[in-house]
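Look at TrEMBL and you will find 1-416 tagged as domain 'Major facilitator superfamily (MFS) profile'. Annotated transmembrane segment per TrEMBL: 15-39, 46-64, 76-94, 115-135, 141-164, 230-253, 265-282, 294-314, 320-340, 361-382, 394-412, in sequence order.
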Amino acid sequence: MDNGEWQYEWTIPAIWLSLWSGIGPIGQIAGSALGGYLLDRKGRKFCLGLGSLIGAIGILDLVLSNLPGDKNARRGMILAGKIIQGFGLGLIKIETFTYMSEVIPVSLKGAVMSFVPTFTLLGQLIGSIVIFAVIDNEKSMAYMIAMGSQWALALPPFILAFYIPESPAFLIKHSNPHGALQSFTRLLGPKNNPRAALRKMEITIEEEARMSAKVSYADCFNSINRRRTLIVIFASCVEFCFGLSLLSDVSYFLQRVGMDSSKSVLFLIAGVVCGLFANFAATWTVSHIGRRKLTVTSFIVVAGLWAFMGFLGFKTFSWTPWAVGGICTAVVVSAGLGCWPASYAILGETSALRVRAKSQALGSLANNITGIIANFTLPFLYNNDAANIGAKTGFVFTAFSALGAVLTYFFVPELKGRSALEIDHLFEKGVKSIGSSKLTIASQNPGQ
């Protein structure tokens, strides 16, 4: 801003910003749909390796997108690269969530799932540091360095796909108990009993198999699984409700409300660091505080913070950009301690083992659809060549955060500390969400 007048030459047009932000989730939808098919046929390891390879190809497209002479051709290549990269990411996400939900012990599931947002923030931190390092360099090489740095994160999961054991649940479903036993032996280590773990999983899968001989997406919405699937879909939309789409673009958003570009990137880095500490602390909160209580409380706090930011948008002062940045950081911390990691615990615990791959695919689809809506719409709200409502954007997420608190309170039961069989029986009995934390469900597992 110069003497109160916006300078438009460095502003990304709202339509292209919306397309770039919204197109990645479209690729993720396709990747998740393919993943839901391949997970049950080719296995978890195959999907991880394939998704990593496709993502690396998308990064190559982004690296080379500055070569065409025409500006719109360059923008089109970025668009294509984001679709390809999103496709690979969709495969990886559904694989990792399914794999973790199948192999993580009940006692560790909440803590481990809470690390998912931590690594999301870690990726943002690495990206923001790279951007800060090249932000003053206007040469084409700076762009290629920024885009090419993503390969450093695409390589590890590709290598990991060759070394991790296959999911025992997948091997059991494909009549390979010997392979499942070997996987459990590698996963559990010498101090645990892999045969007992194998028998417990066989009992769970056999019990669920009696309910449905052949699994399809329609089974996710039958009378037995409908409630569980809807909870998975809601948990997948938690990020949308607390405003992750806006927080992911906070450096650009802060520039739109008047902050200098270099300072906005520093604010992004500081916010990500604070979020990382919050997510590390969440390994305790998710493990010791019920998912319901944690999610509802953090949603209420986040709704209040967004409302405060919205009111700041009615009159702009010199300190307004700094206050907006502080509120965004507070939202990251509040969500990072509560609803964000808790949603992944809910996501991993709720669906039945037999339909888990497909229900996870539906959850990923919901996550991507809400991501498309948010990423496409937000630039038209805050960009200075569109509605330009600035800090009043906070009111949008005030409403969605409040809605998230209400839905969690009335529809999500407490699953902390329950085994897969106990969760099955909880949903079979139709236990109401309110008061579910005090209810004891017998596992009825003869192997225990």
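Just so you know, glycine gets a Cβ as well, placed from its N, Cα and C.
Nobody curates TrEMBL annotations by hand; they come from automatic prediction.
Remote same-chain partners of the transmembrane segment (141-164), defined as residues 6 or more beyond its termini with a Cβ less than 8 Å from a stretch Cβ, comprise 45-46, 48-49, 51-53, 55-56, 59, 62-63, 65-66, 92, 99, 123, 126-127, 130-131, 134.
Beyond the ends of the transmembrane segment (394-412), by six or more residues, the same chain brings 230-231, 234-235, 238, 240-243, 246, 291-292, 295-296, 299-300, 302-310, 312-313, 327, 339, 346, 381, 433-434 to within a C-beta distance below 8 angstroms of the stretch. Beyond its flanks by at least six residues, the transmembrane segment (15-39) meets 46-47, 50-51, 54, 58, 75, 78-79, 82-95, 98, 170, 217, 245, 249, 252, 357-358, 360-362, 364-365, 367-369, 371-373, 375-380, 383 of its own chain at Cβ-Cβ distances under 8 Å. Sequence-distant contacts of the transmembrane segment (265-282) (same chain, six or more residues past either end, CB-CB distance under 8 Å): 114-115, 117-118, 121-122, 124-125, 128-129, 131-132, 135, 247, 250-251, 254, 259, 325, 328-329, 332-334, 336-338, 340-342. Same-chain residues lying 6 or more positions outside the transmembrane segment (230-253) and placing a CB less than 8 Å from one of its CB atoms are 12, 17, 21, 124, 128, 131, 261, 264-265, 267-268, 271, 295, 298-299, 302, 306, 325, 328, 331-332, 335, 339-340, 342-344, 346-347, 350-351, 359-360, 362-364, 366-367, 370-371, 373-375, 378, 382, 393, 396-397, 400-401, 403-404, 407-408, 411-412.
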